[in-house]
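Features reported for this protein in Swiss-Prot:
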- Asp191, Arg222, Ser246, Trp350, Arg381, Tyr386: substrate binding site (BINDING)
- Asp245, His247, His378: Mn(2+) binding site (BINDING)
- Cys141-Cys373: disulfide bond (DISULFID)
- Cys364-Cys441: disulfide bond (DISULFID)
- Cys493-Cys512: disulfide bond (DISULFID)
- Cys536-Cys553: disulfide bond (DISULFID)
- Cys578-Cys596: disulfide bond (DISULFID)
- 476-607: domain 'Ricin B-type lectin' (DOMAIN)
- Ser95: phosphoserine (MOD_RES)
- 150-261: region 'Catalytic subdomain A' (REGION)
- 319-381: region 'Catalytic subdomain B' (REGION)
- 1-6: topological domain 'Cytoplasmic' (TOPO_DOM)
- 30-608: topological domain 'Lumenal' (TOPO_DOM)
- 7-29: transmembrane segment (TRANSMEM)
Amino acid sequence: MGSVTIRYFCYGCLFTSATWTVLLFIYFNFSEVTQPLRNVPIKGSGPHGPFPKKFYPRFTRGPGRVLEPQFKANRMDDLMNNNIEDPDKGLSKSSSELGMIFNERDQELRDLGYQKHAFNMLISNRLGYHRDVPDTRNAECRGKSYPTDLPTASVVICFYNEAFSALLRTVHSVVDRTPAHLLHEIILVDDSSDFDDLKGELDEYIQRYLPAKVKVIRNMKREGLIRGRMIGAAHATGEVLVFLDSHCEVNVMWLQPLLAIILEDPHTVVCPVIDIISADTLAYSSSPVVRGGFNWGLHFKWDLVPVSDLGGADSATAPIRSPTMAGGLFAMNRQYFNDLGQYDSGMDIWGGENLEISFRIWMCGGKLFIIPCSRVGHIFRKRRPYGSPEGQDTMTHNSLRLAHVWLDEYKEQYFSLRPDLKTKSFGNISERVELRKKLGCQSFKWYLDNVYPEMQVSGPKARLQQPVFINRGPKRPRVLLRGRLYHLQTNKCLVAQGRSSQKGGLVLLKACDYGDPTQVWIYNEEHELILNNLLCLDMSETRSSDPPRLMKCHGSGGSQQWTFGKNNRLYQVSVGQCLRVVDQMDQKGYVGMAICDGSSSQQWRLEG
């Protein structure tokens with residue numbers, strides 16, 4: 001009897017152990033692993049998955065589900081596994097509500113993104129590493145053909161503390177939209193970044209999900225963009241160097257038009273048209289074809305294209321002479337880059353190098369063109385999110401070197417604006433002066449006469465202004481709705497707290513007066529809300545807790561971009577929140593922003 005009892009006791013222990021083993025297996029495999037990766041699709045890479053497809057031909061599906069190894073979560077990419085589905089409706093990559101905030105974690109990531117990167121990292125992470133962008137080329141570009149013997153390209157991307165998702169979207173756009181036989185390599189130069197995800201995680205990602213032609217070089221100390229690009233170029237072995245910023249997305253057929261011009265003349269440097277990626281919404285939009293210029297403060301500026309450069313049967317697709325380049329995106333024969341003296345290594349970090357190389361190209365026998373059929377999108381930030389390592393004014397230092405080497409007597413134009421800099425140190429320029437002599441370069445007067453005759457000169461060398469530009473002015477956006485912005489529950493209207501013409505003024509709820517034109521809002525195709533046809537409803541992108549204000553319409557979307565969504569909510573695109581009445585029982589009628597929840601405090605209608 002005792003042996004039977006012991007035997008059944010042992011059976012019970014074995015059964016219990018097996019049961020617990022199965023339960024623990026289910027718990028750990030389906031709770032701890034699957035749950036954080038719930039947005040990883042079974043095939044390919046959906047809009048929310050942290051792991052994109054492996055290197056597959058475009059429009060094909062990727063591998064099966066990836067569970068191991070998981071990348072470590074950290075402060076800069078902790079949204080990569082976040083569920084961003086709207087409770088009411090799934091959000092696609094093209095959704096205007098892709099930046100919607102659902103919880104405090106979303107809000108923290110959005111605010112951190114603006115602080116660290118000066119753009120909306122919440123949306124950037126949700127977009128993933130692959131997305132289609134609109135083909136913004138002129139229709140005539142789409143029928144053009146290019147030689148079959150184009151040179152190969154080394155794409156050099158220098159980055160410092162870049163957002164992980166933005167950097168990888170840059171790289172994937174190049175891989176996805178560049179013929180493999182033309183893309184010799186992509187060289188990523190890490191300029192001693194501080195963020196953890198740009199070190200081991202980036203290396204592991206590249207090894208697992210990108211072709212072997214993608215390489216990373218790591219600077220041991222901060223060198224800056226200028227010397228960082230020189231380091232990348234020194235490692236390159238392709239026939240052409242293509243420099244890109246680390247927050248770009250190349251468009252279709254972007255590389256062939258650049259390479260074709262360089263094949264024809266290796267001493268020609270070419271730039272794509274730089275399309276706009278909004279820092280607030282990451283929406284990709286077309287830019288007009290303009291050319292580079294500068295002012296006597298030695299700052300780059302965009303100019304309209306002279307009438308003389310717009311003629312000809314191929315005017316929509318023909319290369320456009322540009323006195324200067326913006327500097328972030330350009331292509332150049334690698335041997336010519338070295339022969340021409342690369343960059344001035346005495347310049348620090350960033351600033352002025354684009355004008356210096358532009359002057360050197362033109363004055364020393366080369367040419368600089370913008371190619372209308374090549375388009376690359378670039379995130380245009382309103383500020384630089386980081387400074388120089390020791391806080392030095394590198395723009396001034398670099399501009400002084402530029403002025404003393406290349407401007408000849410015209411450097412006095414610069415010093416007339418900055419007399420305080422005449423005695424400021426700028427380092428040893430003897431090598432650059434010797435380079436100019438060795439290359440047999442023209443004078444700066446030759447440059448002004450032959451390349452940039454539109455540039456105005458003050459003093460005894462002043463010239464008459466040449467009215468050679470066409471400026472038709474901006475097209476006014478089409479009006480979609482006109483009426484009063486009515487709050488459904490309080491039966492009141494949103495109006496200016498003071499005068500509707502007061503810039504920076506607050507808005508609040510008051511009794512609707514259908515005879516008062518200052519209560520009338522216009523909603524146009526640019527998604528702007530304009531009160532009394534004067535000022536736009538605007539939100540601070542960096543301080544989402546601030547109330548909305550009336551500001552001058554800037555036409556750039558972002559802080560002034562509003563959409564009417566389901567449940568009558570009024571959604572602010574760059575902030576990712578909805579307009580609400582702060583306290584519906586309070587007679588003061590204050591309004592603010594809050595996480596969109598469809599509550600009665602967030603219900604609005606624009607009606608006549």
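Each residue, glycine too, has its Cβ placed from N, Cα and C.
Summary of the Mn(2+) site environment: with the site residues Asp245, His247, His378 set aside, the chain residues having Cβ atoms within 8 Å of the Cβ mean position are Thr170, Leu244, Ser246, Cys248, Ile277, Gly328, Leu329, Gly377, Ile379. Cα-Cα distance from Trp350 (substrate binding site) to Asp245 (Mn(2+) binding site): 12 Å (rounded to the nearest whole number). The separation of Arg381 (substrate binding site) from Asp245 (Mn(2+) binding site), Cα to Cα, is 12 Å. Neighbour counts of Cβ atoms within 10 Å were compared for the binding-site residues Arg222, His247, His378, Arg381, and the top value is held by His247. Each residue of the domain 'Ricin B-type lectin' (476-607) gets a DSSP state, and the totals for helix, strand and coil are 12 helix, 54 strand, 66 coil. In this structure the alpha carbons, written CA, of Arg222 (substrate binding site) and Cys596 (disulfide bond) are 42 Å apart.
DSSP assigns Cys141 (disulfide bond) to a helix in the three-state reduction. Across the domain 'Ricin B-type lectin' (476-607), mean pLDDT in this model comes to 88. Cys441 (disulfide bond) has none of the recorded positions His378, Arg381, Cys493, Cys536, Cys553 nearby, counting only those with a Cα within 10 angstroms of its own Cα. Ser246 (substrate binding site) and Cys553 (disulfide bond) have their C-alpha atoms 30 Å apart, to the nearest angstrom. Put simply, Tyr386 (substrate binding site) is 34 Å from Cys364 (disulfide bond) when counted between their Cα atoms.
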